[in-house]
Amino acid sequence: MKLTLMGNEAIAYGLLHSNTKMVSGYPGTPSSEILTTVQKIKKDLPVYAEWATNEKVGFEVAYAGAIAGVNAAATMKQVGLNVASDALMSASFIGNKGAFVLIVADDPGFNSSQTEQDSREFARFARIPVVDPATPQEAYDFTKLASKISKHFEIPVMLRTVMRVSHSREIVEIDGNFEFKDTEGNFERDIPRWAAVPRAGRLKQAYEQLDRLDKIREYNYNELIKPKIEELKGTENLIISSGTAYGYVKEVLEELGLDIDLLKIDMPYPLPVDKLKDLVKKYNKVLVVEETYPVIEEEIRSENVYGRMSGHMHQIDEMNKERVLEALTKIGFYNGENIYKPVFTPENPKTRKPNLCPGCPHRDVYFAIKKVFRPKKSIYPSDIGCYTLGINLDAIDTVLCMGGSVSMAHGFAIADKNKTVIATIGDSTFFHSGTAPLINAVYQKAKFILVILDNSTTAMTGRQTTPERATSGEVDIKKVAEGCGAEVMEYFYKPDINETINFFKEVKKRFDETDRPLVVVSRQYCVLDKERATQFLPGIFATVDEEKCVACDVCTTQYVCPPMAYNERGKIEIDPLLCIGCGVCISGICPTDAFIPREK
Amino acid sequence: MKYQIVVAGFGGQGVVFLVKVLSICAGKKGYKFLGTENHGMSQRGGSVSSHIKIGDFYNPLIDLAQADLLIGLDKDEAILNLPYLKRGGNVVVNADEFPEIDANVFAVDANKLAEEGVFDAKGLNVFMLGLTLARVKDFPFSVDEVKEAIEEINPKFAPQNFDILEKAIEYGKN
C-alpha cells in the first residue's frame, strides 16, 4: 500500500505496524506529529498514545510498559532527550521485555532548537543501538526494525530522525493488510533485574550490556553492512555516510558524474569497527559524510579517513550539496566548478524575523511588562515556547532551556538586588520544568515575579492540550502555584492594552509589598486555537490615519505586530490580509492614536 | 524526468498545502518525489518555503541554482529565494513588479485582484498554482491532475478551490 507521508507520519505507521501498544513523550519541533499521528491512525485499537508533562515522564511511562511486556515507544526532540537522559542511562543497563523504541528528532541547523546535537552520540553515550533513517520510507522501515531489534535483544533502541526526514514527504510503501496484534501486559517480578542496585546488581548488568552490544554489532555487520559492502565496486576511494547525509552525497556524485564507492550505514552504533577498519584499508582515501557529529568517523579513524575531525567536512549547520562538493574538492575527489553557486543573488532582500502571530495576547503582556517594569531597572528571564518570540519586543534577556527562567530568576534576584526580576514562562513549560524551581525559590525566599502565560495549549508545536486543559479544571495552574507557596495574582486577558498595563501596575504594587515569589497567571488564548479565540476576538480590524502617523517607530519596534510596516510614503500601513481584528493597536499602542478601525 | 520546485511565502499563506497537492499529483503519475518545509519558530507571518523534488532524488532539499520553478506567494519571499533558481528557470510570483533576471518571470499582483474581489484571498495559494498551470510550459502536471489532488486533500472545499483555479487559469491565459 502506498501513501504520501511525512516522515513523522511514517514513523507513526511504523509504530502501529510493530504492534506498539504504548506511546508517550513531549511535543517539540520536529518530533511533534509522531504521537498526534498515532492518535489519529490508531482509531479503535487499544493503543495508549498520550502526551506527558515532560520527556522524562513520557520515557518512564512508556518504559514501564516495555518492562511489563508490551511494545512501547517514547518520542521527543533532541533537547528533550537531555531531560529524559537520567532514565535512559539506567534503562540501557536494565533492558526491556517488550520492545522499547526511543524516537529522537534532531534539528541540524538550529531551525527551531537552542542547540545542535547529534542523538547518535547520545545513543553511544548510553550504549544503546541507534538506527538512522534517510527518508520517510526508511523512517517507516527503521521504526519496525528498531522494534524488532529491541524486542529480540531486550535493549532500548533509538530511532534517530532529523528535521529533513521528519518534515519531509514521500510516497511510502507500507504494509497494506496489517493486523494489529494486541498483547496483554504482564509484569513479572524480577527484583535483581528491574530493581538492581549498586554494586553487584549493576555490575552484572554492565557485563550483560556489553554482551548484548557485541551480538548487536554482529547483527549490524551481517544483516545491514555486509550486504552493502558486497555491492561496492572497489573504486580507488570510498565515501561512508549515514542518514540524510547519504542522500546529499548520492545526488552530488550523480550530478558531478563521479564514480566513487558509497557505503551507507543504517546503524551507526554499535559498529563492527574491526571489519570497517579492514574495509577502509582497501581504499586510497575515505571520506565520512555525516550529520551532525563525527560519530562514525570517530569510531573508524585511521590515517586515510577524513571528515569533520580532519577539517574536510563543515563543522556546524545543516548538510547541503554545496558543502558535500566542497569536501570532495578539499579531499581531492573533485576539481571542477561549483555547480551549486547561485545564479541570482538578490541585493538587500527583505527578511522576516520570526514573530508572534498577529493578535497574540503574549505581545500585549510583553508590551505592558516593559511599560511598567522599565528595562534599565529590570531583568527579563524567559523560557522555551512561542513566547520566546517576545524577544522582538526587547522584553526577553535570557533563554536557556525548559524551566530555566524560574531558576535563573531566583539566581538573578539573589545576585542583583538593584533590579526587579520579571520572568515569563508558558503553562506547558511551567508544568514541564517550572514547578520544582518555584518550590525552591519559595523555600529559599527569593523575590521575583513569574508571569505564566496560560493559553492552555502548546501552540508552537501544534496546540497539544496541556494537563490543565485535558483534565478540565482538575489541574489548575493557579492552585499549583499557590500550592508551591507563592503569592499569586490572576489576570483575565482582554484585547485592550490599557487594561493589561493597569493590571501590571497592580502587580508592581503587590510585588513591592511581598517578600517571596509573586506568580501572575495570565489567562489567555492562542489565536490559532479557533475553538477559544473566536470567543475573545472582537473583530475590530485596523488601518492607519496617515495624517496622525509621525513615523515614531513605537509600533514597529516596541509592539511589532506582523501586519505593521512602512509604506512608500513613509507612513505605517496595516496589511489587511494579516490583521485578525483584535483591535489592540487601536486601544492605545500609538502615541498619536494613528490606528483607527477599518470600515470594511 | 526531474523537476524541482520552490514555493515561497509566509506562515498562513498555505505553502504546505501546495506541497501536499503536488506530492499527490506526483504519486498519481507514478513519479518519485521528496518534499520538505523550511520554517522557524513563527506560526503566522514568518518566512515559510517548501522544496519539492519530483523524480529520482534522494534528499528533499533543493540546492542553490537548481530549481526549475519558483512559485512566490509573496514578493519579498520570492526575492529571498531567488538563489535557488537555475538560469532560465520559471518564476510565478504574486507581485506588482519584479527584478529583471535571466529567467521566465510571470508577475501578477494577486493581492490586488483579491482586494478587487476576483477571488477569495484565502485561496491565494490555489490562485498562484492556477497561474503556474496556465503559464509554465514544462510544468509536470495537468489541470485535471491538480484538481484530483485538491479534491483528495479536502473534498468539502474542492468546489471553491476549483473556482479559484479556473479563474487563475483564465487570467493567466489572457
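The backbone N, Cα and C atoms fix where each Cβ goes, glycine too.
Marked as [4Fe-4S] cluster 1 binding site by TrEMBL: A:Cys549, A:Cys552, A:Cys555, A:Cys590. Within 10 Å of the Cβ of A:Cys555 ([4Fe-4S] cluster 1 binding site) there are 22 other Cβ atoms, across all protein chains.
Cβ-based neighbour count (10 Å, all protein chains) for A:Cys579 ([4Fe-4S] cluster 2 binding site) stands at 21. When secondary structure is read from DSSP and collapsed to three states, A:Cys579 ([4Fe-4S] cluster 2 binding site) falls in the coil class. As annotated by TrEMBL, [4Fe-4S] cluster 2 binding site applies to A:Cys561, A:Cys579, A:Cys582, A:Cys585.
Listed by sequence, the residues of this chain that lie at least six past the ends of the domain '4Fe-4S ferredoxin-type' (A:540-567) yet keep a Cβ under 8 A from its Cβ atoms are 352, 355-359, 363, 367, 370, 392-394, 573-579, 581-586, 589-598, 600. For A:540-567 (among others), the entry in TrEMBL reads domain '4Fe-4S ferredoxin-type'.
Averaged over the domain '4Fe-4S ferredoxin-type' (A:570-600), the predicted model reaches a pLDDT of 93. The annotation domain '4Fe-4S ferredoxin-type' is assigned in TrEMBL to A:570-600 (among others).
Ranked by CA distance from A:Cys585 ([4Fe-4S] cluster 2 binding site), the binding-site residues A:Cys549, A:Cys552, A:Cys555 have A:Cys555 at the top as the closest. For the binding-site residues listed here (A:Cys549, A:Cys561), the lowest count of other CB atoms within 10 A around the CB belongs to A:Cys549.
Across the domain '4Fe-4S ferredoxin-type' (A:540-567), DSSP assigns 6 helix, 7 strand, 15 coil. Within the chain, the domain '4Fe-4S ferredoxin-type' (A:570-600) has long-range Cβ neighbours (under 8 A, six or more residues past its boundaries) at 357-359, 363-364, 367, 495-498, 527, 537-546, 548-552, 554-556, 559, 561-564. Comparing CA positions across the binding-site residues A:Cys561, A:Cys579, A:Cys582, the one lying closest to A:Cys555 ([4Fe-4S] cluster 1 binding site) turns out to be A:Cys561.
Looking at A:Cys579 ([4Fe-4S] cluster 2 binding site) and A:Cys590 ([4Fe-4S] cluster 1 binding site), their Cα atoms lie 16 Å from each other. Neighbours of the [4Fe-4S] cluster 1 site: apart from A:Cys549, A:Cys552, A:Cys555, A:Cys590, residues of the same chain with C-beta atoms within 8 angstroms of the site's C-beta centroid are A:Val550, A:Ala551, A:Asp553, A:Val554, A:Ile572, A:Ile589, A:Pro591, A:Thr592, A:Ala594, A:Phe595. Taken residue by residue with DSSP, A:Cys585 ([4Fe-4S] cluster 2 binding site) is part of a helix. All protein chains considered, the CB of A:Cys552 ([4Fe-4S] cluster 1 binding site) has 14 other CB atoms within 10 Å.
Around A:Cys585 ([4Fe-4S] cluster 2 binding site), a 10 Å sphere centred on its CB holds 25 further CB atoms from the protein chains shown.
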